[in-house]
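According to TrEMBL, the protein carries these features:
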{"type": "DOMAIN", "residues": "14-180", "note": "domain 'Glucose-6-phosphate dehydrogenase NAD-binding'"}
{"type": "BINDING", "residues": "Ser49, Asp90, Val91, Lys143", "note": "NADP(+) binding site"}
{"type": "BINDING", "residues": "His173, Lys177, Glu211, Asp230, Lys321", "note": "substrate binding site"}
{"type": "DOMAIN", "residues": "185-452", "note": "domain 'Glucose-6-phosphate dehydrogenase C-terminal'"}
{"type": "ACT_SITE", "residues": "His235", "note": "active site, proton acceptor"}
{"type": "REGION", "residues": "437-456", "note": "region 'Disordered'"}
Amino acid sequence: MTPTDPRKSADTLIVFGITGDLARKMTLRALYRLERRGLLNCRVIGVASTEMTTAEFTAQARERIAATGQTVEDDVFQRFADRVTYLHGDVTDPALYLRLAAEIGPDHTSVHYLEMPPTLFGPIVEQLGAANLLHDACVAVEKPFGHDLASARALNARLRALLSEDQLLRVDHFLGKEPVIEIEYLRFANPAMTGLWNRGSVSAVQITMAEDFGVEDRGKFYDPVGALRDVVQNHLLQVLAAVTMDPPADAGADTLRDRKAEVLKAVRTADPRRSVRGQYTGYRDTPGVAADSDTETFIALQLEIDNWKWFDVPFFLRAGKNLPVRATEVRLILHRAPRLAFLPTPHQAEQNQIVLRIDPEPGARLQLVGLGEETWRPLYLDSSFAQELGEPFEPYERLLNSALTGDHSLFTREDSVEEAWRIVQPLIDEPAAIQPYTPGSWGPDGAGSLVHGRPPWHEPWLPGAER
Ligand SMILES: NC(=O)C1=CN([C@@H]2O[C@H](COP(=O)(O)OP(=O)(O)OC[C@H]3O[C@@H](n4cnc5c(N)ncnc54)[C@H](OP(=O)(O)O)[C@@H]3O)[C@@H](O)[C@H]2O)C=CC1
Ligand SMILES: O=C1O[C@H](COP(=O)(O)O)[C@@H](O)[C@H](O)[C@H]1O
């Protein structure tokens with residue numbers, strides 16, 4: 001992890017929304033795991049509206065941590081439970097903040113983590129300000145940060161009226177994923193990669209985020225959002241920034257974020273004619289989804305970067321629910337080798353590829369080509385990050401630890417969030433017509449047409465699979 005400044009470490013973590021779905025699935029487990037590693041060095045105050053005592057809350061937390069598949073050790077859990085206080089109340093009620101202020105006490109460094117409905121981000125920060133709880137504090141807000149460029153700007157303005165940019169941590173859990181962090185090291189610590197990683201060698205880039213499950217019980221959340229806002233504007237554009245940015249000149253959080261914002265600024269605003277929207281059949285029967293919903297559960301789009309390093313290299317992004325597999329990867333497809341007179345067969349070999357697998361089982365693959373008995377065969381040089389580099393922190397462990405220790409490099413900054421909205425805004429304003437697709441397929445046929453004349457979409461590299 002990036003070196004952190006102990007002077008900036010927080011001694012109090014306040015989790016707003018500690019009884020919610022995200023806390024149940026991720027946050028409690030992450031806090032437990034940090035405790036187990038000896039890295040949780042703060043009090044934890046959980047806030048939500050459900051009425052219960054701290055003892056009832058900790059009993060529920062234990063069950064919820066275990067339900068994620070995490071083994072719960074008594075002594076570790078007891079240490080964690082000893083840190084926790086639960087406060088119930090309505091976050092729009094000033095009286096809650098008086099109780100919170102009394103609970104925190106004077107002279108503390110706090111992180112307020114808002115895993116709350118986004119409409120409450122502004123009101124909570126304003127209540128924290130009114131209760132004088134923003135002094136010596138950071139506020140971490142969950143996604144989504146706005147639902148378009150105008151609303152993201154308005155939210156930024158509202159929060160920044162009370163917080164400096166340095167105090168505001170916008171969470172994108174993909175930035176806590178080990179392989180996404182690893183992109184920077186792979187690219188810039190390895191001349192073998194640095195030399196290839198530009199338009200001189202790369203003919204196209206494919207970024208795929210495929211999920212083999214549908215919207216399930218999240219219809220109410222998902223239907224007003226769709227795939228573009230849910231995962232492209234944030235997760236996939238942050239991955240694209242990591243793949244294409246220039247090297248940061250130092251380890252500072254802002255230097256890294258400057259490089260990401262700079263390359264996002266160079267991404268041409270998306271062209272709706274270079275996008276394909278799909279909806280899996282059966283989606284409209286999901287509870288919480290409108291019977292005539294026009295929301296996309298699949299999107300594919302082409303982006304271009306107007307800078308010297310990436311000019312003329314198409315970036316194809318696709319993301320969807322109910323696809324054949326769960327896999328997220330970045331695939332750089334290198335230029336074709338020329339037809340050389342000494343090569344034995346007339347047809348050309350497949351293009352070399354560099355694949356970075358983000359999920360599942362992070363790893364990297366270099367796909368070359370060799371001559372089999374009669375024809376070209378692919379040669380795969382594969383590496384598993386867990387085997388070679390050790391078991392990583394889980395994304396929320398890493399992000400919570402970073403927030404608590406004052407390392408802001410893994411949180412998105414105002415400029416890159418707004419650039420990302422600027423890039424996708426035309427796809428919101430003039431959405432392509434929805435095309436249906438069969439659950440378990442690779443999306444609508446139009447997705448194939450998008451890459452016409454370029455290398456076709458590649459099936460993701462899956463753990464244990466040769467191709
Ligand atoms: N769920 C997920 O997988 C993911 C969620 N997120 C984001 O995290 C945030 C939270 O999502 P999620 O956990 O799913 O939401 P939930 O609706 O499951 O949880 C909301 C939480 O907020 C509390 N709450 C709501 N209104 C009030 C209020 N007026 N006063 C006090 N507490 C209140 C609820 O308390 P109580 O239950 O006690 O009423 C609950 O703890 C959202 O921004 C979401 O987009 C991001 C990534 C993934
Ligand atoms: O933010 C989100 O991400 C998940 C996928 O995250 P992963 O870490 O499990 O790959 C996605 O399913 C969800 O729709 C979205 O809101």
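Glycine residues also receive a Cβ, built from the backbone N, Cα and C atoms like all the rest.
Automatic prediction, not curation, is the source of TrEMBL annotations.
Bear in mind that the values here come from a model prediction, so they are computed numbers and not experimental data.
Location within the structure of each feature annotated in TrEMBL.
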residue: Ser49; record: NADP(+) binding site; Cβ within 10 Å: 12
residue: Asp90; record: NADP(+) binding site; Cβ within 10 Å: 10
residue: Val91; record: NADP(+) binding site; Cβ within 10 Å: 20
residue: Lys143; record: NADP(+) binding site; Cβ within 10 Å: 21
residue: His173; record: substrate binding site; Cβ within 10 Å: 19
residue: Lys177; record: substrate binding site; Cβ within 10 Å: 25
residue: Glu211; record: substrate binding site; Cβ within 10 Å: 20
residue: Asp230; record: substrate binding site; Cβ within 10 Å: 23
residue: His235; record: active site, proton acceptor; Cβ within 10 Å: 22
residue: Lys321; record: substrate binding site; Cβ within 10 Å: 26
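Cα of Glu211 (substrate binding site) to Cα of His235 (active site, proton acceptor): a span of 14 Å.
Taking CA atoms as the reference points, the residue listed as 'active site, proton acceptor' and Lys177 (substrate binding site) are 11 Å apart. A 10 Å radius around the C-alpha of Lys143 (NADP(+) binding site) takes in these binding-site residues out of His173, Asp230, Lys321, in sequence order: His173, Asp230. Close contacts with ligand 1, defined as a Cβ under 6 Å from any of its atoms, occur at Lys143 among the recorded positions Lys143, Glu211, Asp230, His235, Lys321. Among the binding-site residues listed (Ser49, Asp90, Val91, Lys177, Lys321), none has a CB atom closer than 6 Å to any atom of ligand 2.
Annotation note: Val91 (NADP(+) binding site) sits in a coil segment as assigned by DSSP. The DSSP secondary structure for the residue listed as 'active site, proton acceptor' is helix. Separation of the C-alpha atoms of Val91 (NADP(+) binding site) and Lys177 (substrate binding site): 31 Å, rounded to the nearest whole number.
Under the DSSP three-state reduction, Asp230 (substrate binding site) is assigned to helix.
Cα separation, Ser49 (NADP(+) binding site) to Lys321 (substrate binding site), rounded: 32 Å. The record assigns His173, Lys177, Glu211, Asp230, Lys321 to the substrate binding site, and the maximum Cα to Cα distance across that set is 20 Å.
Residues Ser49, Asp90, Val91, Lys143 are recorded as binding NADP(+); their most distant pair of Cα atoms lies 21 Å apart.
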